[in-house]
Amino acid sequence: MAELQRPTLCCCRKVLTVPGKSCEGGRSLAHCRLVDVASASNFHSFKLRHFHLDLHLNFAVKRMTGWQVLELTPVQPGVQSLILDTHPSLLIHSVDCKVPGVSGAPDVFMSLTYRVEPFTDYGSSLNISLPAAVNRPHRAFRVTIRYTTTDGPAIWWLDAELTCGQTRPLVFTQGHSVCNRSFFPCFDTPAVKSTYSATVRVPEGVTVLMSASRSAYSKQDRVFQFSMEYPVPAYLVALVAGDLQHADIGPRSRVWAEPCILTCAVSKLGGTVERWLNVAEGLFGPYVWGRYDIVFLPPSFPIVAMENPCLTFIISSILESQEFLLIDVIHEIAHGWFGNAVTNATWEEMWLSEGLATYAQRRITTEAYGEAFTCLETVFRLDALHRQMRLLGDNNPVSKLQAKFEPGVNPSSLMNLFTYEKGFCFVSYLSQLCGDIKRFDSFLRAYIEKFRFTSVIAQDLLDFFLGFFPELKESCVAQREGLEFERWLNGCGPPLCEPDLSAGRSLTGPVQHLCDLWGTDTPDSKVIATFDLSSWSTFQTVLFMDRLLDRSPLPQEVMSLLSSCYSALLDGMNAEVQIRWLQIVVRNSFYPDLPRVRSFLHKHTSRMYTVPLYEDLCGGVMKCFAVEVFYQTQGRLHPNLRRTLQQILFQSSALNTSTAPSLLVSPASAPSSPTDPPANGTIALRDVNVSA
């Protein structure tokens with residue numbers, strides 16, 4: 001039997017189309033073929049105008065109960081069902097429909113039948129039968145879904161002992177990539193954007209924040225109301241509730257945190273965020289989201305940072321690493337333009353958000369801190385990319401920018417270094433083609449202006465680029481031999497070219513010189529002593545440590561000399577430095593410094609610091625030590641992390657990070673099951689300290 005062509009709606013949302021047919025909105029045929037295999041929904045059949053959430057948070061039983069109202073418009077006749085993404089952890093109680101009356105007739109209310117069906121291991125489909133009364137194109141109707149959700153992949157309930165202050169419980173959500181279908185039924189695809197509002201009821205003493213503007217608050221009733229006036233995809237809807245206080249750090253920014261860490265957070269960021277926003281606006285145009293607030297979350301937050309509109313979520317563990325904090329916040333600011341305002345239409349082209357945001361982040365740091373600093377940070381990240389490339393091989397398909405995945409594959413498996421750094425290199429190459437970085441800034445401003453609040457594919461970006469620079473189109477730069485755009489997008493392997501980073505040699509040169517000294521058969525301790533690591537920046541020190549780690553295994557006499565030179569000094573440095581030294585200790589089985597590993601794992605309970613060390617311990621000869629430390633500290637670990645570490649410790653095929661690193665950028669962007677995020681490898685956690 002001939003294969004049926006699946007009809008889809010092009011991203012301009014103009015008209016239902018079939019591959020091979022042109023689109024009423026004038027978009028490319030690639031748009032008309034857009035299919036999101038990670039979504040069970042029939043998003044192509046409707047225009048989602050707005051949705052409202054009304055939720056009650058019950059901390060005692062760790063449950064959210066309430067309803068959702070969706071305002072929808074069919075875009076074609078004869079639509080008989082509404083199919084939304086959902087999750088087994090979300091229990092549907094009822095579905096109702098409101099159809100506006102015609103010619104003065106009263107509105108019609110009716111209950112709808114529905115069924116929940118399996119889809120993948122990360123979600124289900126909610127199939128709602130629609131009455132004939134709504135089968136009229138461009139006529140709006142409302143669907144109300146009453147439901148309860150508990151502890152699905154998007155919702156993280158923290159008991160008081162897992163918070164920073166250890167006094168009150170806290171809950172937060174994390175939607176990227178396909179987790180929010182366990183928060184509320186939705187078109188869980190980045191191709192669909194809509195406005196939303198929310199009403200949230202909580203117990204006394206709990207403050208609620210969302211990725212939206214607070215529109216009202218009743219202290220007596222403990223009701224918080226929010227409104228997002230600009231269209232966003234489902235994964236950018238986020239909520240946090242707990243014992244949170246705030247302090248203003250700028251005219252449009254404030255820091256939110258538990259009281260015990262608020263002063264520290266303010267001291268780290270006070271006066272800088274507005275400066276970064278101003279630089280970004282000068283480069284890319286107005287910041288459209290109004291507020292840029294930051295909430296610091298406990299160490300159980302499963303990633304480093306998340307670019308939720310109006311309110312960046314960031315892990316409090318990063319506060320002690322000033323330069324990493326700076327980069328992470330600036331990266332999230334960059335997402336205000338690249339990722340939030342203009343979004344990748346499919347998860348298979350995630351580089352359109354992450355690659356562009358990484359480029360924008362580095363333009364901001366160059367303007368704010370100079371080219372040398374930006375080149376140092378870029379060298380550090382590209383080192384990580386090449387490290388992963390050596391382990392994976394040049395022909396691994398995950399290294400493609402346009403990565404393809406089959407139905408059932410979790411999109412989070414595409415969150416890798418290539419998404420960020422190979423994507424950055426391609427954007428940098430486009431900048432080089434136009435010959436003037438300021439002209440490229442102008443292009444990016446125009447790109448944002450044209451596609452703001454829409455979802456795009458790579459062809460949109462490249463067509464607009466060639467249209468903006470017609471002289472480049474005439475010279476056929478897209479087909480330049482060896483650097484073809486198609487090869488950039490669909491070729492495996494490392495970037496086809498990298499930007500010139502020579503401006504950072506004043507910072508990277510000493511690092512490489514010291515690495516070379518340690519690489520000799522008999523390191524000269526007198527010459528080595530002339531290098532003062534205490535005067536180095538964090539990125540210089542972690543670059544040095546990473547390059548030493550690449551040389552492992554090291555002779556024991558070298559390890560002894562390294563320890564005598566650096567162990568005591570590194571004890572006083574931040575966790576990003578310490579973890580790298582401890583990984584060198586573990587991978588080289590250097591037992592004299594093993595107590596430092598124990599102390600570190602007793603102090604740090606975040607996924608980004610624990611998983612790499614446990615993987616290294618179990619990948620070598622120190623598994624018994626790892627088991628001992630785990631039993632001593634497991635009570636202070638989030639259940640999801642505890643299960644991940646148990647997998648590493650007790651499965652016979654424990655991951656050996658020296659040969660099989662994870663491909664994920666950050667753990668649990670989308671757990672593979674409601675409660676068990678997959679274990680992630682050292683490269684993922686150590687080398688990519690950015691957002692989801």
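A Cβ is built for glycine as well, from the same backbone N, Cα and C atoms used for every other residue.
Automated prediction, rather than curation, is the source of TrEMBL annotations.
Look at TrEMBL and you will find Glu332 tagged as active site, proton acceptor. Annotation source TrEMBL lists active site, proton donor at Tyr420. TrEMBL lists His331, His335, Glu354 with the feature Zn(2+) binding site. Marked as domain 'Peptidase M1 leukotriene A4 hydrolase/aminopeptidase C-terminal' by TrEMBL: 506-649.
The most densely surrounded of the recorded positions Glu332, Glu354, judged by C-beta neighbours within 10 angstroms, is Glu354. Mapped onto DSSP classes, the domain 'Peptidase M1 leukotriene A4 hydrolase/aminopeptidase C-terminal' (506-649) shows 114 helix, 0 strand, 30 coil. Each residue contributes its Cα atom, and for the residue listed as 'active site, proton donor' and His331 (Zn(2+) binding site) these two points are 11 Å apart. Glu354 (Zn(2+) binding site) sits 10 Å from the residue listed as 'active site, proton acceptor', counting Cα to Cα.
Confidence across the domain 'Peptidase M1 leukotriene A4 hydrolase/aminopeptidase C-terminal' (506-649), taken as the mean pLDDT and rounded to a whole number, stands at 96.
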